[in-house]
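Q: What follows is a structure written as structure tokens; I'll ask about it next.
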Amino acid sequence: MGTVGAELPLSDPAADADRARLQQLGYKQELKRGLSVVSNFAFSFAIISVLTGVTTTYNTGLRYGGPVSMTLGWLVVAVFNACVALSMAEICSAYPTSGGLYYWSAKLAGKDWAPLASWVTGWFNIVGQWACTASVDFSLAQLIQVITLLSTGGGYLASKYVVLAIYTAILLVHGLINSLPIQWLSWFGQLGAFWNVVGVFALVILIPSVARERASAEFIFTHFNTDNGAGIHSKAYILAVGLLMAQWSTIGYDTSAHMTEETKNADWSGPMGIVTSVALSGVFGWIYLVALTSMVTDIPYLLDTGNDAGGYAIAQALYTTFQRRYGTGAGGIVCLGIIAVAVFLNGTACVTSNSRMGYAFSRDGAMPLLHVWHRVNKKEVPQNVVWLSVSVALVMALTSLGSQVAFQAMVSIATLGLYISYALPIFFRVTTARRSFVPGPFHLGRYGVVVGAVAVLWVALVNVLFCLPVAYPVDKDTFNYTPAAVGGVLLLSLAAWVLHARFWFRGPIGNIDD
């Protein structure tokens with residue numbers, strides 16, 4: 001286990017300031033502080049990963065509203081997500097610890113409510129991150145299946161057991177990568193950010209130059225698809241559900257907060273990582289969306305499960321575009337390979353964020369077997385909790401063998417669990433801590449409360465939208481189990497609080513005296 005100051009010379013003013021700030025917040029330096037502001041940003045940008053989010057949820061946007069709900073809806077979501085990110089960055093600057101959101105809630109909710117606020121925020125965040133890891137890696141396994149399907153001309157469709165085996169292999173590799181020292185892990189974070197930028201530019205240039213048939217600008221920005229095949233006819237309802245594609249695509253930027261104890265000049269670098277990752281993801285995501293939608297000329301065909309890609313719209317669009325130009329869809333498969341690498345690096349960053357949150361949460365005594373998960377190895381890596389994150393994600397995926405509905409219900413907590421954990425400390429910032437909040441170097445000044453209030457209202461709206469039925473009539477196969485998943489986490493965390501945790505958990509306790 002590392003000691004205070006072991007990772008940087010004691011004479012380094014920046015190291016001294018970071019260490020002193022962390023001590024003020026109640027903790028000693030245990031993780032190696034080797035990340036720059038660029039590396040911190042890279043982890044969040046890699047975990048947002050517009051190549052991942054847009055590609056894997058494009059079917060939802062195309063089905064519910066189509067081009068207008070994606071291209072224009074993306075801009076609407078980006079504005080409100082910016083409010084959430086700015087508010088989180090302001091709080092992160094004041095409290096730069098790996099605990100992030102649950103620590104913020106404890107400090108902002110007031111003395112009486114601090115333990116409960118911290119407990120609920122922490123469990124929503126960590127369960128949301130577990131679900132996010134499972135969702136991303138399962139999406140990669142499915143994408144590999146689609147690539148195989150296209151490569152064999154439809155001759156091989158992997159069984160659910162093969163998909164699970166691929167998923168397990170991906171998880172194991174992610175666990176191994178996250179067991180590396182922070183210097184090596186930082187390289188993967190930067191690679192993820194680089195790959196997303198270069199990948200978006202490559203596809204944005206390649207798609208229009210290859211496509212013989214392209215949608216018009218009017219179609220891209222004004223066409224509203226109401227033929228969703230889900231029995232939903234209200235345009236307002238369709239648009240509301242369609243916005244979820246953009247919202248799901250921009251999650252995970254709390255990673256910058258969880259990496260602050262490994263980041264130099266953390267009270268500035270952490271907030272900048274949050275803000276810049278969300279801002280650049282908004283820009284690159286919109287450009288990528290417009291390029292993809294320019295290939296859309298036949299929506300029903302792209303969504304048809306009988307097509308070459310089994311109904312995977314982006315895969316089919318890319319395959320068809322290259323096939324029409326060159327007589328073969330090999331170029332489209334290469335493009336899917338570029339996307340698959342981005343999804344893989346996204347999954348790597350998910351495990352990174354998840355492990356740092358688990359490390360901090362166990363350090364503060366909130367997890368069973370806390371001394372196991374809080375332990376760091378000789379390389380100052382929380383290796384035990386890395387493999388806990390991998391193991392939980394694997395257990396979640398096992399439910400897919402019995403029921404895809406059950407698995408989807410589990411991973412649906414990824415978006416709402418994380419956004420609820422984002423909103424809770426912001427809510428306390430604009431209510432109980434409105435006058436007592438002491439900002440750090442990054443702050444919003446007099447606009448902090450207003451921006452925070454908008455952020456909380458937006459998350460409240462998103463929670464409602466994600467709980468709406470997405471098909472009618474509603475039955476066991478079309479029921480939206482998201483409310484049950486969110487409610488389950490809330491009820492379990494509250495039950496654990498009432499029956500057990502309220503007697504001993506007092507919120508973040510620090511470890512200066514350990």
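Placement of Cβ uses the backbone N, Cα and C atoms for every residue, glycine included.
What TrEMBL records for this protein is below:
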{"type": "TRANSMEM", "residues": "41-60", "note": "transmembrane segment"}
{"type": "TRANSMEM", "residues": "72-96", "note": "transmembrane segment"}
{"type": "TRANSMEM", "residues": "161-181", "note": "transmembrane segment"}
{"type": "TRANSMEM", "residues": "193-211", "note": "transmembrane segment"}
{"type": "TRANSMEM", "residues": "232-251", "note": "transmembrane segment"}
{"type": "TRANSMEM", "residues": "271-291", "note": "transmembrane segment"}
{"type": "TRANSMEM", "residues": "326-345", "note": "transmembrane segment"}
{"type": "TRANSMEM", "residues": "409-428", "note": "transmembrane segment"}
{"type": "TRANSMEM", "residues": "449-472", "note": "transmembrane segment"}
{"type": "TRANSMEM", "residues": "484-505", "note": "transmembrane segment"}
Q: Who are the chain neighbours of the transmembrane segment (484-505) in space, where the CB to CB distance is under 8 Å and they lie at least 6 residues beyond its ends?
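A: Same-chain contacts beyond the ends: 115-116, 118-120, 123-124, 127, 365-366, 409-410, 412-413, 416-417, 420, 463, 467.
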Q: So if I exclude everything within five residues of the ends of the transmembrane segment (326-345), which remaining residues of that chain have a CB under 8 angstroms from its CBs? That is, six or more out.
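A: Sequence-distant neighbours of the transmembrane segment (326-345): 46, 49, 51-52, 55-56, 136, 139-140, 143-144, 146-147, 150-151, 170, 188, 191-192, 195-196, 199, 202-203, 206, 210, 308, 314-315, 318-320.
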Q: Cβ pairs under 8 Å only, please: of the recorded stretches 41-60, 161-181, 232-251, 409-428, which one is richest in them relative to the transmembrane segment (193-211)?
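A: Comparing 41-60, 161-181, 232-251, 409-428 against the transmembrane segment (193-211), the winner is 41-60.
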Q: I'm a bit unsure how to read this: which one of 161-181, 409-428, 449-472 has the highest number of Cβ pairs shorter than 8 Å with the transmembrane segment (72-96)?
A: 449-472
Q: Where else in the chain does the transmembrane segment (449-472) make close Cβ contacts, counting only residues six or more beyond its ends and a cut-off under 8 Å?
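A: Distant Cβ neighbours of the transmembrane segment (449-472) are 64, 80-81, 83-84, 86-87, 90, 230-232, 237, 240-241, 243-244, 247, 412, 415-416, 419-420, 422-423, 426-427, 429-430, 434, 478-480, 482-483, 486.
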Q: Under 8 Å, at least three CB pairs between the transmembrane segment (271-291) and the transmembrane segment (161-181) (pairs 6 or more apart)?
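A: Output no: the transmembrane segment (271-291) is apart from the transmembrane segment (161-181).
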Q: At least three Cβ pairs under 8 Å linking the transmembrane segment (41-60) and the transmembrane segment (409-428), pairs spaced 6 or more in sequence?
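A: No, the stretches stay apart by this measure.
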